[in-house]
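Below is one structure; the comments refer to it alone.
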């Protein structure tokens with residue numbers, strides 16, 4: 001048992017300060033406690049050991065309590081954010097314990113309390129947040145039937161930095177997909193065995209926090225949600241029937257409020273998400289399409305990194321949300337594209353470049369508003385909010401010029417009206433360039449508060465006051481050598497030499513007698529002294545009081561600030577889409593109620609940006625042509641063609657323009673991808689198991705409105721098993737699912753599928769042999785491929801020439817066997833060739849790939865080691881015989 005745990009069992013044995021600490025720690029088990037002591041936050045006992053290990057701090061021992069040494073580690077208060085950021089990234093939570101009592105008047109330890117708890121899912125400080133991605137806290141409530149089997153999962157997730165709260169209910173088998181979409185930083189679950197057994201968090205899920213099961217009570221959760229939203233019922237939000245989600249929301253709100261130590265004033269709206277509202281993207285699809293993260297785990301190059309030319313961080317965060325939530329309803333996409341078109345066609349005075357220039361003056365008022373609601377906004381947050389509001393009229397003028405051409409822009413224009421009372425208050429109250437922290441002063445503007453101005457004047461103009469007083473007193477008394485001075489012992493005084501003391505007025509009171517002078521103080525100087533000696537301290541205290549009152553006065557404007565922030569984010573993202581469309585030569589797609597996908601000269605948006613020249617391709621999927629069998633060599637571009645089709649479709653439904661000459665889309669409900677695979681070591685699944693699991697999900701869930709990408713299904717097992725599975729899966733997709741499918745394969749036998757199913761068609765990506773190498777054309781053509789070029793690709797990859805030669809010989813042998821035994825050619829595209837061609841092939845290979853046999857290699861090495869200038873005639877003759885024998889060796893006969 002650790003000292004901290006043991007010590008807590010008998011608090012009375014400890015020193016008063018340790019008693020205080022242990023009581024606070026007992027209320028926050030499992031959380032690191034940052035205990036404020038002067039200019040440091042200290043950690044004790046096991047917390048100190050853990051923090052020292054995680055943060056690379058020095059672990060010390062100072063004194064003892066209850067007979068045990070006190071282990072300590074500390075961080076300076078002015079740098080606490082950087083340490084909090086490290087701990088949060090490691091999934092730790094930290095309770096911030098501040099001194100709230102006055103050390104000067106406290107008897108015993110200064111009173112302290114936890115003012116907030118920083119957890120991975122409840123971040124609001126700018127220093128702890130990523131500018132371009134949101135942080136979500138999610139709670140999960142699981143409903144069970146009488147047999148204890150999970151039947152439904154309620155989800156509630158909150159972006160505390162903005163106040164956005166959302167609910168959803170999903171089937172238990174859809175939880176992983178929901179978490180992949182939301183990407184919560186922290187997940188709250190009930191601390192009951194039934195919930196723990198019914199759900200296993202994915203490997204990349206956020207930090208898991210267990211809370212008491214009663215937090216998820218549906219009745220109290222529903223009431224807590226109504227109280228938070230200030231409504232009598234949830235019917236207006238469409239959440240009245242989501243009992244499980246309401247239970248999750250109750251636990252989430254209780255936890256979030258506890259971490260902040262106050263109400264969540266900015267959480268006043270609710271959005272219910274339904275599966276039918278968005279195009280379904282399972283975890284594999286989100287990864288394979290590399291929307292916001294590459295397969296290597298980096299943020300670039302991705303679709304998001306290509307599109308993100310936003311001028312504000314609010315727009316960048318909205319972009320990520322839109323990419324992961326493409327709406328199924330084409331009307332949403334069409335409204336966004338209409339707005340993009342209006343921005344691109346704007347008159348010169350309201351051009352998209354001019355608009356984006358104005359947007360660059362905008363601050364992240366979404367997060368500023370969140371901190372304002374939590375009363376944690378800093379002075380520069382308020383000045384940024386003020387400056388943003390001041391910049392809005394110019395921005396609105398430009399938006400108003402194009403608003404008549406797009407309903408979305410008209411709505412945005414109306415939402416950009418700032419709350420004038422808030423603007424005026426900020427202009428009057430906040431200094432033009434305030435200090436970073438209130439404690440530094442210089443935050444409240446001059447003229448806002450007369451008392452503060454007077455205190456500042458006293459503090460700043462003390463010297464001038466003394467000069468003015470000295471001048472006046474000399475004139476009043478006629479004492480020419482009178483001096484007004486100050487020292488730390490006696491304070492302010494008027495000094496008069498002994499020879500002039502008879503001229504001292506009656507209101508002078510003697511303060512000190514010196515050998516040659518008398519020192520006096522007057523009522524006026526005493527009053528000034530009282531003010532001056534405490535002016536700076538009182539000014540800072542007054543400023544703190546005024547600042548706190550200002551934050552309270554700004555609270556009623558939070559809904560207006562949120563409205564403006566939301567409009568700015570949407571405007572910024574639409575303008576970024578317009579800039580990308582113009583710069584990258586993208587076009588507006590069209591939509592139809594008829595099923596199908598028609599893309600003319602489509603391009604992969606991300607790959608195109610990485611290469612000098614990209615080959616555009618067409619893609620046509622119709623009710624009469626539902627499945628394209630794609631064949632061709634490795635590296636020929638099959639996967640790129642498939643991914644670009646899915647990305648163009650997703651971009652269209654997000655509302656962006658698309659990389660194509662023309663594009664038209666029918667309804668799409670889900671996008672599935674089965675592209676590539678790797679072992680799931682953590683889940684105990686092989687590559688083939690992962691592949692089959694993804695294929696099963698597609699076969700079970702794809703509908704006639706789904707877009708499916710299948711890349712080389714069946715390759716992870718034996719040739720016959722793989723071919724049989726690939727054939728059966730393709731047939732099932734055609735006959736039962738009826739979905740739009742791009743099916744890439746190396747099984748040449750599958751190219752016979754269109755003979756059985758007219759809805760299938762063959763296309764291929766071609767390549768040509770050039771000299772001794774291969775050139776990939778990356779062009780999609782009708783019909784099946786006739787060669788795989790596998791050996792040429794292996795050669796390009798650097799496989800040793802000896803291995804390539806051996807492969808060619810074995811390939812010819814297999815082809816001869818295939819010709820002798822009439823059976824399907826498996827996995828190979830090449831026409832069977834007789835063994836008689838082996839020698840000719842080898843001769844050609846030798847010319848194409850000048851391999852060096854072992855004997856020849858020895859000969860070459862021997863020659864390299866000889867210097868002819870050093871050989872005597874006899875040595876040269878002996879060497880000649882030696883080299884002749886080497887050259888005559890069997891392996892050198894080439």
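Placed from the backbone N, Cα and C atoms, the Cβ positions cover glycine too.
Quick look at what Swiss-Prot annotates:
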- 632, 633, 634, 635, 636, 637, 638, 639: ATP binding site (BINDING)
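Annotated ATP site 632, 633, 634, 635, 636, 637, 638, 639; additional same-chain residues within 8 Å of its Cβ mean position, judged by their own Cβ, are 765, 776. The binding-site residues listed here are 632, 633, 636, 637; among them, 632 has the most other Cβ atoms within 10 Å of its own Cβ. In the three-state DSSP scheme, residue 632 (ATP binding site) is classed as coil. Cβ neighbours within 10 Å of residue 634 (ATP binding site), excluding its own Cβ and spanning all shown chains: 19. Around residue 635 (ATP binding site), a 10 Å sphere centred on its CB holds 18 further CB atoms from the protein chains shown. Each of the binding-site residues 638, 639 was scored by the number of other CB atoms within 10 A of its CB, and the lowest score belongs to 639.
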